Structure formats: C-alpha cells, structure tokens
Amino acid sequence: MSLGRLHLVTDTRPGRDPLAVARAALGVAGRELVVQVRVEDSATDREAYELAGRMVELCASAGATCLVNDRLHVALAVGAAGAHVGADDLPVDAARRVLGPAAVLGATARAPGTARAAVAAGADYLGVGPCHATGTKAGLPPPIGPAGVTAVADAVPVPVVAIGGVTADRVAGLRGAGAYGVAVVAALADAADPARATAELLAALGC
Ligand SMILES: Cc1ncc(COP(=O)(O)OP(=O)(O)O)c(N)n1
Ligand SMILES: Cc1ncsc1CCOP(=O)(O)O
Ligand SMILES: [Mg+2]
C-alpha cells in the first residue's frame, strides 16, 4: 500500500465548504493527498453519503485516495478506498471484516499498546494524537507531543499519521519523531489560500 503523506480531514463546522478546500488541495497535492470525509455525529447518513460521493469523484480525478471517517457503510456505498475508525467506532477487526482485505483501514491510537493491538487487528495505518492542542475537536485527552509519536512509531511497522494542531511549522518536528505523514483540519480549512497552505505542508513533508 502506498499511502499519501498529507491527510485532509474535512471540516465539520456549519457553513464550511469541504469540497472547495479539497479541490484546492487536490490541485496541488494530487496523489499525495488522502481526503478523509468526516461529518458531525448529528449529520444524517444521507448527508454523509452525498458529501462522500462527491469527494470520491473529486479524488478519483486527481488520483488521490478518499477515506470515510466512522461510517463504514457510507464508505462501501460510495466506493471509497477505505475508512478510519477510533475508540467509539466499530473495533478494528470488525471494521476489517466489513470493508474486506483490500480496503485501506486507519485506526486511532495514542499509546504503543493500543497501536500494536490495532495493527494486529488489521489497521494499515495509525492516526496518532492529538499531537498538539487543537480547537477542532472537543473532549480530547492531553496532547502527546512528538515524544508520544515516537513511542507509537517505534512500536508498529505501519505508517503513523500525526493529527491534532498540525501546522506546516510543526511538520518537521513530527517527521523527526517518526511520523510518516500528517492529518489536518484547520491548517487547510482555515487557510486564506488552501492551495498555498497545501504546498507549504507538502514542502515541510519533503514531498
Ligand atoms: C488520521 C486520523 N487520526 C485520528 C482520527 C480521530 O478518529 P476518532 O478517534 O475516531 O475520532 P473522530 O474523528 O471520529 O471524531 C481521525 N479521524 N483521523
Ligand atoms: C479529529 C481529530 N482527532 C484528533 S485531533 C482531531 C482534529 C484535528 O484538527 P486540527 O488539524 O484542526 O487540529
Ligand atoms: Mg471516529
């Protein structure tokens, strides 16, 4: 599996335009981009399906990978490449059974033990964090910092994607800590120029 190093997780805030941000990022990053479609828990399956379906088409035209957060049935229904699950979602082994062996399956981990368990259960990559403080998701445990990323990366043979408060300035520290790539919401969704912000993140990643 060749996984992109820059993951754009879609912004769930009302009034945002995740397709416009993804279009701008795809134009710069192409196949190096993974778009993870993430919607509010309160969003309907129909809303998730419609956004994910449009995102799959956009990603396909750029040669990029589209994943769906949490809702595996939506991932299957729109023909996404795979999905991402965390502690409140289906367990990794169940998610793998639902998606099948060929799908890309990501799992959240913040410590070596859970990371090893997720990989043993079938995760292809790990989303690890929050690495830094973030205002994007409430109720998270304290940031693990680059040292926490190293602890996980040293424990598993799969790519580690650092998430939480990631900015272009922080990418070098995270890569040095062992992260294969990074996942961002605000760094692209809040950027005045998402295409330029994408280029800066890619440059920091060494892509
Ligand atoms: C790449 C990546 N890493 C971690 C997460 C968080 O997933 P989860 O813990 O299930 O939380 P929600 O995103 O579902 O609120 C992620 N989505 N992507
Ligand atoms: C979904 C999620 N899980 C851990 S941090 C996070 C949000 C990351 O958003 P940002 O890049 O804006 O900090
Ligand atoms: Mg989840």
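Using N, Cα and C of the backbone, Cβ positions are placed for all residues, glycine too.
Pulled from TrEMBL, these are the features on record:
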type: BINDING; residues: GLN36, VAL37, ARG38, VAL39, GLU40, ASN69, THR108, LYS137; note: 4-amino-2-methyl-5-(diphosphooxymethyl)pyrimidine binding site
type: BINDING; residues: ASP70, ASP89; note: Mg(2+) binding site
type: DOMAIN; residues: 6-188; note: domain 'Thiamine phosphate synthase/TenI'
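Shown here: features listed in TrEMBL, placed on the structure.
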residue: GLN36; record: 4-amino-2-methyl-5-(diphosphooxymethyl)pyrimidine binding site; CB count, 10 Å: 26
residue: VAL37; record: 4-amino-2-methyl-5-(diphosphooxymethyl)pyrimidine binding site; CB count, 10 Å: 30
residue: ARG38; record: 4-amino-2-methyl-5-(diphosphooxymethyl)pyrimidine binding site; CB count, 10 Å: 25
residue: VAL39; record: 4-amino-2-methyl-5-(diphosphooxymethyl)pyrimidine binding site; CB count, 10 Å: 21
residue: GLU40; record: 4-amino-2-methyl-5-(diphosphooxymethyl)pyrimidine binding site; CB count, 10 Å: 11
residue: ASN69; record: 4-amino-2-methyl-5-(diphosphooxymethyl)pyrimidine binding site; CB count, 10 Å: 23
residue: ASP70; record: Mg(2+) binding site; CB count, 10 Å: 20
residue: ASP89; record: Mg(2+) binding site; CB count, 10 Å: 17
residue: THR108; record: 4-amino-2-methyl-5-(diphosphooxymethyl)pyrimidine binding site; CB count, 10 Å: 21
residue: LYS137; record: 4-amino-2-methyl-5-(diphosphooxymethyl)pyrimidine binding site; CB count, 10 Å: 14
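Checking the binding-site residues GLN36, ARG38, GLU40, LYS137 for a CB within less than 6 Å of any atom of ligand 3 leaves no residue at all. Proximity of the binding-site residues VAL37, GLU40, ASN69, ASP70, ASP89, LYS137 to ligand 2, judged by a Cβ distance under 6 angstroms to any of its atoms, singles out LYS137 in sequence order. Only ASN69, THR108 of the binding-site residues listed as VAL37, VAL39, GLU40, ASN69, THR108 bring a Cβ under 6 Å of any atom of ligand 1; the order follows the sequence.
In the three-state DSSP assignment, the secondary structure recorded for VAL39 (4-amino-2-methyl-5-(diphosphooxymethyl)pyrimidine binding site) is coil. ASP89 (Mg(2+) binding site) sits 9 Å from ASN69 (4-amino-2-methyl-5-(diphosphooxymethyl)pyrimidine binding site), taking the Cα positions as reference. Residue annotation for 4-amino-2-methyl-5-(diphosphooxymethyl)pyrimidine gives GLN36, VAL37, ARG38, VAL39, GLU40, ASN69, THR108, LYS137. The furthest Cα pair among them is separated by 17 Å.
Cα proximity to ASP70 (Mg(2+) binding site) (within 10 Å) is found for the following binding-site residues from ARG38, VAL39, LYS137: ARG38, VAL39. In the three-state DSSP scheme, ASP89 (Mg(2+) binding site) is classed as coil.
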